[in-house]
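In TrEMBL this protein carries:
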{"type": "ACT_SITE", "residues": "His477", "note": "active site, proton donor"}
{"type": "BINDING", "residues": "His477, Asn478, Ser479, Thr480, His481, Asp518, Asp646, Gln698", "note": "AMP binding site"}
{"type": "BINDING", "residues": "His481, His517, Asp518, Asp646", "note": "Zn(2+) 1 binding site"}
{"type": "BINDING", "residues": "Asp518", "note": "Zn(2+) 2 binding site"}
{"type": "COMPBIAS", "residues": "284-294", "note": "compositional bias 'Low complexity'"}
{"type": "DOMAIN", "residues": "134-204", "note": "domain 'PAS'"}
{"type": "DOMAIN", "residues": "401-740", "note": "domain 'PDEase'"}
{"type": "REGION", "residues": "255-304", "note": "region 'Disordered'"}
Amino acid sequence: QVLLVFAKEDNQSNGFCWACEKAGFRCNIARTPESALECFLDKHHEIIIIDHRHSRYFDAEALCRSIRTTKPSENTVIIGVVRRHADREESSILPLISAGFTRRYVENSNIMACYNELIQLEFGEVRAQFKLRACNSLFTALEKSQEAIEITSEDHVIQYVNPAFETVMGYQIGELIGKELTEVPINEKKADFLDTINSCIKIGKEWQGMYYAKKKNGDSIQQNVKILPVVGQGGKIRHYVSISRLCNDNNKAEKTCERVQAESQTDIQTSRHKDRRKGSLDVRSTTSRGSDGSSQRRHSSMARIHSMTIEAPITKVINIINAAQESSPMPVAEALDRVLEILRTTELYSPQLGTKDEDPHTSDLVGGLMTDGLRRLSGNEYILSAKQTHQVAGSLISPISLNDIPPRITQAMENEEHWDFDIFELEAATHKRPLVYLGLKIFARFGICEFLNCSESTLRSWLQVIEANYHSSNSYHNSTHSADVLHATAYFLSKERVKQTLDPIDEVAALIAATVHDVDHPGRTNSFLCNAGSELAILYNDTAVLESHHAALAFQLTTRDDKCNIFKNMERNEYRTLRQAIIDMVLATEMTKHFEHVNKFVNSINKPLAALEENGNNGDGESIKTVLTSPENRILIKRMLIKCADISNPCRPIEQCIEWAGRISEEYFAQTDEEKRQGLPVVMPVFDRNTCSIPKSQISFIDYFITDMFDAWDAFADLPNLMQHLDNNFKYWKGLDERKLRSLRPPPPE
């Protein structure tokens with residue numbers, strides 16, 4: 001930003017205005033010293049150009065001094081425009097320098113001359129001031145460092161020590177600055193040892209090791225020291241930086257911390273193939289998984305958060321840790337620094353994949369399911385059914401009655417209350433329309449029409465409209481998947497612990513959310529839609545694209561026609577509560593928040609319940625009820641319920657598990673084929689129909705997403721049959737993989 005201070009408009013001021021516009025600089029003009037100072041204090045310009053040609057208007061040097069007395073001017077470049085005197089000898093620059101001007105500009109209103117002056121300033125003085133401004137941040141970091149830091153010149157004259165150095169050594173900074181190292185008894189006096197250090201650092205190599213230093217009071221302390229030579233002008237060593245850390249019994253704490261961290265990492269690796277067992281609460285902690293350091297919030301943002309009068313819980317946690325650091329030994333303080341780094345990331349619940357050698361199937365599943373796509377690399381547009389006309393009630397055949405269901409379909413639904421219910425048998429009996437029939441039966445069992453105060457015919461019409469807007473052409477995300485998730489949801493709602501926890505409105509929300517959770521799914525992932533620049537991705541800003549569409553479309557289809565509007569007779573506030581719960585559950589099926597939902601469930605529900613049981617409070621109904629029925633925890637339970645229902649395929653009986661694995665693989669294969677055809681980024685390269693190992697992909701999916709989640713859900717809802725299926729299915733896929741088979745099933749025996 002540039003501030004022009006000219007009492008009157010003339011060719012010179014216009015020249016700089018036009019030059020600013022040409023250079024792309026923002027420009028302000030002030031006519032008086034008062035307005036100039038006020039404008040500068042408001043905008044903090046990088047360059048100020050003051051007219052020094054006409055002393056009768058204002059005193060340019062006095063104005064410059066006034067500006068220089070302000071704190072923001074410390075890194076500002078101030079230029080004085082002076083008259084051109086062809087017939088007089090050159091005047092001295094010193095009065096301008098002493099007034100605070102950076103340099104002078106001999107008047108020249110030519111636009112290119114003004115432009116050249118601004119560009120030279122930008123790449124010269126302004127850029128240098130930017131670097132000086134950045135130095136303040138670096139010195140702030142040094143001042144706050146827990147390690148003792150000393151900087152000396154090439155001649156070993158002390159130029160800087162930080163507060164930690166003063167504290168450790170017992171000196172004040174004034175006693176050290178300007179002294180040679182030999183004048184201050186801080187180094188070990190073994191000549192051969194010092195020669196070894198000097199011979200190393202003088203050739204530009206860093207030295208690290210242990211040595212004894214003497215404090216001001218004469219005590220000797222052992223330090224772990226790193227000395228780094230800093231190469232400067234002329235390619236020569238210009239400074240030495242010494243970083244010291246005390247070596248004492250605190251090292252034990254540090255080693256213990258490092259050992260625990262290493263063990264936790266080992267536990268993660270070994271738990272990848274652990275036996276699936278009922279009741280396990282061994283869900284990987286967020287700290288063990290690590291977090292993405294690249295997403296740290298800026299320190300300035302954190303400072304603003306700390307200054308808020310209403311503190312967020314995470315801010316309180318960070319403040320407590322900061323306070324604890326003040327009185328902690330250095331190793332503990334450093335461990336807390338690492339904790340703070342993790343807490344200050346935005347992805348607290350998303351695990352990091354260990355290394356680039358990580359299983360590619362896991363990497364691709366994470367990339368395909370937990371991200372919103374790469375940047376768009378193609379001009380191709382992917383237009384999905386957002387442009388199509390959605391099915392509405394009037395365009396469908398008249399609904400059947402629950403009492404008129406054909407015998408084969410009735411028979412296929414006989415055991416729908418059991419987990420081993422075969423959805424594929426119902427799919428075949430209904431000619432790929434299982435959702436209407438299963439929906440009618442389950443909704444009747446839970447009394448949904450009575451709760452909503454709607455007729456059975458309205459419910460039938462609604463189920464038909466929703467099912468009609470699932471794509472039967474999708475191999476996986478079709479109405480059979482919706483019916484399967486509805487069945488799992490109803491099964492979970494019938495479990496005793498869940499029934500104790502949820503209210504009737506929660507049950508209604510869960511069943512409706514399960515029914516609509518993938519409506520109008522195009523058979524492609526969010527990453528694909530974002531990369532393809534689809535209309536939905538643009539509409540929802542590349543964020544939870546499909547899940548937002550499913551929820552929005554479900555309400556559009558429901559409310560646009562009274563014939564299928566199951567909400568039309570509800571009281572307004574109750575409808576809003578129900579609507580919010582449905583939307584929240586549908587959005588919870590988005591995989592980018594998978595680990596956040598699971599870890600919140602474990603920490604807010606599993607662990608408190610386990611603690612109550614361990615403390616012998618099994619019979620303390622009030623304590624357990626408090627954990628189960630708080631509004632926040634009911635939300636977590638509903639999210640976990642629909643998430644588990646949505647990806648419960650690996651917990652189904654083996655034949656159903658295999659069928660679902662084949663269907664999802666085919667859908668991913670089709671996406672990879674289309675990405676290659678359209679020249680889009682291939683978000684899951686392992687899902688190439690010519691090379692993919694389906695057993696490996698299932699093993700990775702179970703290991704990374706399923707095991708921990710169902711361990712936690714089983715500990716809550718008590719689901720031994722599901723965990724047994726999960727164990728059997730995992731062993732089945734492992735068996736195929738160990739035989740190097742890539743197919744769904746082993747070849748028939750010869």
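Residue numbering: from 1, along the chain as shown.
Using the three backbone atoms N, Cα and C, a Cβ is placed for every residue, glycine included.
In sequence order, Tyr470, His477, His481, Ser482, Val485, Leu546, His550, Thr589 are the residues near Asp518 (AMP binding site), counting only same-chain partners six or more apart with C-beta under 8 A.
Each of the recorded positions His477, His481, His517 was ranked by the number of other C-beta atoms within 10 Å, and first place falls to His517.
Maximum intra-site Cα distance, AMP binding residues His477, Asn478, Ser479, Thr480, His481, Asp518, Asp646, Gln698: 22 Å.
The average pLDDT for the domain 'PAS' (134-204) in the predicted structure is 77. Within the same chain, residues at least six positions away from Ser479 (AMP binding site) with a Cβ under 8 Å of its Cβ are Lys432, Arg433, Pro434, Leu435, Glu467, Tyr470, Ser472. Counting other Cβ atoms within 10 Å of each Cβ, the lowest count among the binding-site residues Asn478, Thr480, Gln698 belongs to Asn478.
Between the C-alpha atoms of Gln698 (AMP binding site) and His517 (Zn(2+) 1 binding site), the distance comes to 23 Å. Note: the CA-CA distance between Asn478 (AMP binding site) and His517 (Zn(2+) 1 binding site) rounds to 11 Å.
With a 10 A radius on its CB, Asp646 (AMP binding site) counts 23 other CB atoms from all the protein chains. Between the C-alpha atoms of His517 (Zn(2+) 1 binding site) and Asp646 (AMP binding site), the distance comes to 9 Å.
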